[in-house]
Each structure stands twice: as C-alpha cells, then as structure tokens.
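Some notes on the structure that comes next.
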Amino acid sequence: MASTWAIQAHMDQDERLEVKIEEKKYTTRQDWDLHKNNTHSREVFRQYFRQFCYQETSGPREALSRLRELCHQWLRPETHTKEQILELLVLEQFLTILPEELQAWVQEQHPESGEEVVTVLEDLERELDEPGEQVSAHTGEHEMFLQKMVPLGKEGEPSMPLQSMKAQLKYESPELESQQEQVLDVETGNEYGNLKQEVSEEMKPHGNTSSKFENDMSQSARCGETHEPEEITEEPSACSREDKQPTCDENGVSLTENSDHTEHQRICPGEKSYGCDDCGKTFSQHSHLTEHQRIHTGDRPYKCEECGKAFRGRTVLIRHKIIHTGEKPYKCNECGKAFGRWSALNQHQRLHTGEKHYHCNDCGKAFSQKAGLFHHIKIHTRDKPYQCTQCNKSFSRRSILTQHQGVHTGAKPYECNECGKAFVYNSSLVSHQEIHHKEKCYQCKECGKSFSQSGLIQHQRIHTGEKPYKCEVCEKAFIQRTSLTEHQRIHTGERPYKCDKCGKAFTQRSVLTEHQRIHTGERPYKCDECGNAFRGITSLIQHQRIHTGEKPYQCDECGKAFRQRRKTSYKEILLKNHSEPQAGVNLLLSSLIPEWQSCCRKDL
C-alpha cells in the first residue's frame with residue numbers, strides 16, 4: 001500500500017517530469033509533503049481507524065484513546081458538519097457492500113457522496129450495455145473493467161479470484177518494490193527515492209500501525225494475526241526481473257505489454273496527481289481534469305449537429321443525441337414504457353415498487369424523485385416565485401403557472417385521445433380518461449346508463465332531484481360543486497375569464513371559449529339535417545329541436561310547450577318599442593319570466 005502515495009517506479013519519463021514540475025509550485029519540501037498528505041490523509045486515517053487492533057495497545061484506555069484520535073483525524077469534526085460526517089459514514093458503507101469487482105472502478109472516480117457512487121454505477125452500466133462503438137476515451141477503461149471482473153489465464157479459462165491475486169501481490173510486493181526503487185534511483189538519482197521515504201515517514205502516525213498498514217491494509221483487519229518478516233517474504237525467484245510478467249501494484253491484474261501497463265496505471269485507483277488551479281479539486285486522470293476545467297472556462301467543444309447545443313464532455317453529448325434519434329433501449333417490464341437512459345428507467349420503476357428515497361424533514365412526506373421533494377419544500381418555505389401577469393396570483397411551480405394561464409387565455413392543451421375533449425389541467429384529463437379506461441360496471445337503475453362509481457353517484461342526482469351544493473347568498477342549490485362555484489361569481493362579480501381580443505370578461509370558461517369564436521369565425525358544431533353551423537353546442541341542440549319537433553319546456557298554467565327557455569335581452573326590447581314606452585316597459589317586465597311561463601300572464 002506504500003505505492004498508494006509513493007512515486008511509482010514504473011512511471012514513464014513524461015509522468016516523472018510532470019511530478020517534478022508540480023513539486024516546483026511549492027516553495028519548500030514541507031509544503032510539498034503537506035500537499036500530498038492532505039490529498040490522501042482522509043482515506044489513510046479511515047483505514048487506520050477501521051483496521052486498528054486491540055493487541056496493538058497496552059490496555060483498554062490506550063485503545064480507546066487511539067481510536068478517538070484516529071476517528072477525529074478521519075472525520076475532522078472541527079471542519080465538517082454533522083450532515084457531512086453522516087454522508088462520509090454512509091459513503092464508506094456503500095462502498096463496502098459493493099461487489100469487489102466494482103469497488104476498484106468506483107474508487108477510481110473518487111466519489112465524495114453516495115449520490116456520486118450511484119451516478120458512476122448507472123453510467124457504467126449504461127455504457128457497457130450500449131451497442132456499437134464506445135467512446136474512444138473510455139474504451140481502455142471498459143476493457144480493463146471487464147478484465148478485472150473475469151481475468152483469464154493462459155488457456156482462456158478464468159484465473160484465480162481477485163482476492164487471491166491481491167494476496168499473492170502482497171507476498172511479492174517487498175521484492176518488487178525493492179527492485180523498483182533501484183530502477184528509480186538509477187534513472188533519476190536519489191532525489192525521488194528520498195522524497196518517497198519522507199512522504200512515507202510523514203504519513204506514519206504510530207509506528208507499528210504504519211508497518212502493518214504497508215504490508216496489507218485489506219487483510220490486517222483480522223486482529224490477532226502476527227505477520228513476521230520471514231512469513232511475508234518469499235525466496236527470490238530464479239527468473240530475472242525481465243522475465244516476470246508485469247502486474248498492477250493496486251489489484252494484481254496481469255499486463256502483457258508495457259503500453260497496457262502504463263494505461264492501466266492511469267485507470268487503476270491511485271493518487272490524484274492532477275489538481276485544478278481554480279478550485280483545488282484533484283483527479284487521477286488528466287482527461288478528467290481537462291473536462292472539469294471547462295466548468296471554469298465555459299468551454300463547450302462538443303456540439304450537437306442536429307440542434308447546435310454544445311456540451312463540455314463527449315459522454316454528455318452522446319446522451320443528448322438520443323433525444324434526436326428517438327432511441328429508447330431501456331424498457332419497463334411492468335408497463336412497457338421505454339426510456340433513453342437507464343437512470344430514467346430506474347426512477348420510473350419506483351412508481352411501481354413504491355420506493356420513496358427522498359423525505360421531507362418538515363412533514364416527513366416521501367417522494368420517489370428528488371425533483372418532487374424540491375418542489376414540495378416550497379410549500380413549507382412559502383416560496384412562490386412564479387407570478388401570473390394577468391391576476392398577480394403566485395405559484396410555487398412554473399408548470400402550475402402555465403396551467404393557470406389557460407384560465408385567462410382559454411387554452412386547453414390537454415386533449416383526450418378517445419373523444420377529443422380538451423382540458424386546461426392535466427389532472428382534469430386524467431380524471432376524464434377514467435371514463436374510457438375504467439370498466440363501466442355501475443349501471444343506473446332509472447335509465448340504464450353505465451358509469452364509474454363516482455360518476456353514477458353524481459348522475460343519480462338528476463333522477464332524485466338532490467342538490468347538495470347550496471349558495472349561501474341566494475340559497476339556490478346545484479347538483480355539482482363546479483356549478484355552485486360558477487354561480488357564486490354572480491354575487492361576487494368575479495369574471496376571471498377575459499378575452500384577449502376585446503377585453504370582455506366572463507364568469508365561465510365555456511362562455512369565453514364560445515365568445516372567442518366570434519373573433520375567429522369558427523363554428524365547429526354543424527347540423528346534420530340542414531348544414532347550419534353554430535359556435536356553441538347549446539345553440540346546436542336548440543336548433544335541432546326545429547327538425548325533431550321537441551319542445552321540452554311546458555307552461556304550468558296552460559300546458560303549452562316551447563323549444564327553448566329564452567329570455568329576450570333588455571336592450572332588444574327597448575330598441576323595438578322606443579316609440580311606445582309603456583309597451584316597452586310591459587315587455588321588459590314580461591322578459592323577466594321565462595318564455596314558457598309568460599304565455600298565461602295576461603295581466604301584463
């Protein structure tokens with residue numbers, strides 16, 4: 001494990017030169033050591049803490065004191081908040097429960113939270129599942145990852161497990177490290193050998209623990225075992241160093257060519273030697289640093305040929321292109337819905353499983369997606385940044401504002417595919433579609449029509465005459481709550497539905513829609529008998545009674561029947577009778593009574 005923070009012996013000339021240049025940025029050797037220590041100390045102290053053994057101390061009090069010290073050095077409560085410390089603990093456990101073949105790959109990305117681990121795994125699974133040619137920058141990484149999952153021997157059969165390879169590497173590492181130090185001293189002098197020794201000494205908080213840690217961090221957790229020098233050192237092999245097949249110092253993967261060795265060392269989890277000058281974040285690969293720096297520079301070199309949108313990374317561009325190709329390779333087994341990204345499918349499947357990972361700290365309500373929690377929190381903060389320019393009403397979500405604006409414009413973007421009926425709100429469309437999608441198993445005993453359960457209850461009020469919704473001002477009652485709401489606007493004077501063309505306002509949305517057809521000239525309701533067209537469905541129904549002879553309105557006094565319940569407008573009466581004022585007044589009074597009830601009022 002010393003190779004984790006030491007300068008590796010098999011680095012090529014360019015890599016060693018890069019480290020030298022990096023070292024010159026610091027004024028003293030102590031500054032350089034401090035920089036290296038800060039980069040790796042948190043992970044080192046975590047491993048010291050987890051693998052600390054009781055046998056290393058003289059008694060329980062010293063053991064407890066040492067554990068507290070190591071935990072303090074790892075979690076750093078003086079600089080981290082409680083939430084950050086909890087996230088570190090969750091992240092550690094998450095990495096621990098991952099399959100061993102995935103741990104090395106995830107740790108190479110150096111995630112700082114559990115969410116970053118999820119993103120790395122989802123991206124990896126998606127890229128490995130994608131058919132065709134992969135991104136060239138990651139091809140070597142994918143091949144290396146597959147090699148780590150199922151390493152093959154000479155005969156093409158699976159070789160020893162990864163854990164066995166690690167154990168073998170542990171026994172071979174002292175000899176190999178000694179030979180690497182000799183090569184390094186020959187090529188570059190003793191400067192880097194001394195630097196490596198200084199860094200190693202600086203990272204030793206307690207004598208025996210460091211030695212134990214360098215021998216094997218992963219195996220020393222089994223407390224009580226003793227590791228004597230003669231037990232961990234093998235006899236030198238008869239073959240020369242040139243005859244040995246090179247292996248990775250981190251996970252023991254065999255490498256056939258020197259070029260593969262160099263590429264693998266760049267991929268394998270190790271030191272983050274590439275640091276960002278702007279924010280100080282470090283990376284293990286230069287390509288990752290280059291892509292990260294575009295956040296500060298604003299550079300977006302990868303441009304979509306279809307829409308011209310630009311991106312910082314090639315992988316993000318590839319994901320974006322799925323929008324144009326329409327490819328949706330990830331399909332839900334429950335409902336058959338397809339998605340362009342695996343992460344989107346994963347989120348969708350929570351609707352079926354009922355998983356809700358995101359909880360509100362204020363009320364405890366849970367959500368399956370982070371966006372849902374984000375919008376919900378605004379209920380508690382009373383944050384309503386989206387304001388309607390027509391009525392100044394504010395909303396917490398832009399989508400709700402867009403739907404609300406349909407009240408003023410009369411727009412109904414949500415249309416039913418079955419019957420063509422349109423709605424302002426998507427929720428109204430969903431409720432309406434239950435009529436088509438749900439089985440109509442509830443039949444009215446009066447007329448034989450079938451409804452859903454809620455629809456039948458509302459329909460039966462027509463036969464029973466029940467009107468549960470009553471106006472508190474005039475005591476008029478209605479079958480539906482929506483009818484009461486529209487009626488109450490007569491008393492309040494509210495006219496929320498305004499015409500954009502002439503400014504005229506209405507109490508009902510349906511009246512506004514019909515009025516707007518005056519400006520557009522639209523007459524969508526056509527009579528099949530004579531071809532006459534009308535702006536509203538009510539006008540068509542009244543007209544069709546001419547052909548059918550239907551007269552549903554009957555006078556209670558004499559029994560005379562009428563086709564419509566029309567009231568003559570006040571303006572029309574006064575204009576027609578301006579020469580005879582008394583007659584106009586009489587007609588005006590009679591107009592207050594429906595046509596089918598005024599036929600017998602001879603006293604007027």
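Keep in mind that glycine also has a Cβ here, set from the backbone N, Cα and C atoms.
According to Swiss-Prot, the feature SUMO2 cross-link maps to Lys20 (among others).
What Swiss-Prot records for Lys25 (among others) is SUMO2 cross-link.
Under the heading domain 'SCAN box', Swiss-Prot lists 46-128, citing sequence analysis as support. Helix, strand and coil counts under DSSP for the domain 'SCAN box' (46-128) come to 64 helix, 0 strand, 19 coil.
Annotation source Swiss-Prot lists SUMO2 cross-link at Lys196 (among others).
Residues or ranges marked as compositional bias 'Polar residues' by Swiss-Prot: 207-221.
Taken from Swiss-Prot, the feature zinc finger applies to 274-296 (among others), supported by sequence analysis.
If you take every residue in the zinc finger (302-324) and average the pLDDT, you get 84. Annotated zinc finger per Swiss-Prot: 302-324 (among others), in sequence order.
For the zinc finger (330-352), the DSSP-based tally of helix, strand and coil residues reads 11 helix, 4 strand, 8 coil. The zinc finger feature in Swiss-Prot is assigned to 330-352 (among others).
The annotation zinc finger is assigned in Swiss-Prot to 358-380 (among others) on the grounds of sequence analysis. Helix, strand and coil counts from DSSP across the zinc finger (358-380) read 11 helix, 4 strand, 8 coil.
Per Swiss-Prot, zinc finger is recorded for 386-408 (among others). Listed as Cβ neighbours of the zinc finger (386-408) (distance under 8 Å, sequence separation of 6 or more from its ends, same chain) are residues 375, 378-379, 424-426, 496-498, 509.
Per Swiss-Prot, zinc finger is recorded for 414-436 (among others), and the stated evidence type is sequence analysis. For the zinc finger (414-436), same-chain residues at least 6 beyond its ends with a Cβ under 8 Å from one of its own Cβ atoms are 403, 406-407, 452, 455, 509.
Residues or ranges marked as zinc finger by Swiss-Prot on the basis of sequence analysis: 442-463 (among others).
Under the heading zinc finger, Swiss-Prot lists 469-491 (among others), citing sequence analysis as support. Residues of the same chain lying 6 or more positions beyond the ends of the zinc finger (469-491) and with a Cβ under 8 Å from any Cβ of it are 458, 461-462, 507-508.
The list of residues near the zinc finger (497-519) in space but at least 6 beyond its ends in sequence, with Cβ under 8 angstroms from a Cβ of it, reads 390, 407-410, 424, 486, 489-490, 535-536. The feature zinc finger is assigned by Swiss-Prot to 497-519 (among others).
Feature annotation from Swiss-Prot assigns zinc finger to 525-547 (among others); the stated evidence is sequence analysis. Under DSSP, the residues of the zinc finger (525-547) split into helix, strand and coil as follows: 11 helix, 4 strand, 8 coil.
As annotated by Swiss-Prot, zinc finger applies to 553-578 (among others), with the evidence given as sequence analysis.
For the zinc finger (442-463), residue counts in helix, strand and coil come to 11 helix, 4 strand, 7 coil, using DSSP.
The list of residues near the zinc finger (525-547) in space but at least 6 beyond its ends in sequence, with Cβ under 8 angstroms from a Cβ of it, reads 514, 517-518, 563-564.
Counting residues of the zinc finger (386-408) by DSSP class, helix then strand then coil, yields 11 helix, 4 strand, 8 coil.
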